[in-house]
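Asker: The structure that follows is given in the form of structure tokens.
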Ligand code: PBG
């Protein structure tokens, strides 16, 4: 005799030719029908470098992350590489006495970034290195371009960005990454790289970069906050979509290899639309403020951090990102390994 329970079920059975829950019944089934795979191959890990030796300096607004002197950065990069992460992005903390309005230090071939790139390429030749092209870490004004009468000069800045990119390529960077949002910079950099024989060096363009309040912790980390005003005359308005598509189209026409949307979390619709508009791989930048929010909530015990990290990064991929630049890359690698 059937148990009483099944009678109850039978009498309350709905007529459903489709029962989506059938495909969610077991973990093995769920894995089988999973549509989006997040892998370490998709990740680029940002690392902060500073002058000195033997220094690992914690960044208060980005718990778990530090600025490293070159010797310790090499150890950190090796550890990250061993964990299965194939790419890093370098961001430098430049001493204040090396900053000026024209960002001169940005194209010093013996500067912190070129020295770091060279040392990394020697120690870990297969680790891909992405270097940021913009003046803000080098600018006494904390802006991404040269300032004159309170305005950011475009073409004069592009001339400096070109020198910076050549300097990074010469040191061995695999990708140069203009994050400055000056007009015409991708084309100018591509032409100069080609003219110097660096045809193999790629360009990751920060194409859809919004003027965002989510960059706060990063500016703390590099001591690079604008000394006056904001970045709204060059970074984009959060209210706009078409402008993002226009920037992407321009950067592709000018020679970008990879296009980026930044920030990521509040701009998932932009990631999706850009994905529909281009054949190029799309990169999402999961920025410092997004990282800090998760860390802060997790510290209070309000969210389950490992789960939130996987959910968020998977969602970027679902939205159309092929690659993700994220401060969570290392901890995700550790997390996946222990699963
Ligand atoms: C520099 C640059 C910024 C970020 C990456 N490159 C700061 C800015 O534009 O003010 C922000 C990254 C982050 O918040 O994680 N041009």
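Even glycines carry a Cβ here, placed using N, Cα and C.
Heads up, here are the entries from TrEMBL:
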- 209: active site, schiff-base intermediate with substrate (ACT_SITE)
- 262: active site, schiff-base intermediate with substrate (ACT_SITE)
- 247: Mg(2+) binding site (BINDING)
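I'd like these features described in context: how deep, what's nearby, how far apart.
Answerer: For residue 209 (active site, schiff-base intermediate with substrate), the number of other Cβ atoms no farther than 10 Å from its own Cβ, over all displayed protein chains, is 26. When secondary structure is read from DSSP and collapsed to three states, residue 209 (active site, schiff-base intermediate with substrate) falls in the strand class.
Using a 10 Å radius centred on the Cβ of residue 262 (active site, schiff-base intermediate with substrate) and all shown protein chains, the other Cβ atoms total 23.
Of all Cβ atoms in the protein chains displayed, 22 besides its own lie within 10 Å of the Cβ of residue 247 (Mg(2+) binding site).
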Asker: For residue 262 (active site, schiff-base intermediate with substrate), just give me the three-state DSSP call.
Answerer: strand
Asker: To the nearest whole angstrom, state the Cα distance for the pair residue 209 (active site, schiff-base intermediate with substrate) and residue 262 (active site, schiff-base intermediate with substrate).
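Answerer: Residue 262 (active site, schiff-base intermediate with substrate) has its Cα 5 Å from the Cα of residue 209 (active site, schiff-base intermediate with substrate).
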Asker: Work out how many Å separate residue 247 (Mg(2+) binding site) and residue 262 (active site, schiff-base intermediate with substrate) at their Cα atoms, rounded off.
Answerer: 13
Asker: Could you check what DSSP calls residue 247 (Mg(2+) binding site) once collapsed to helix, strand or coil?
Answerer: helix
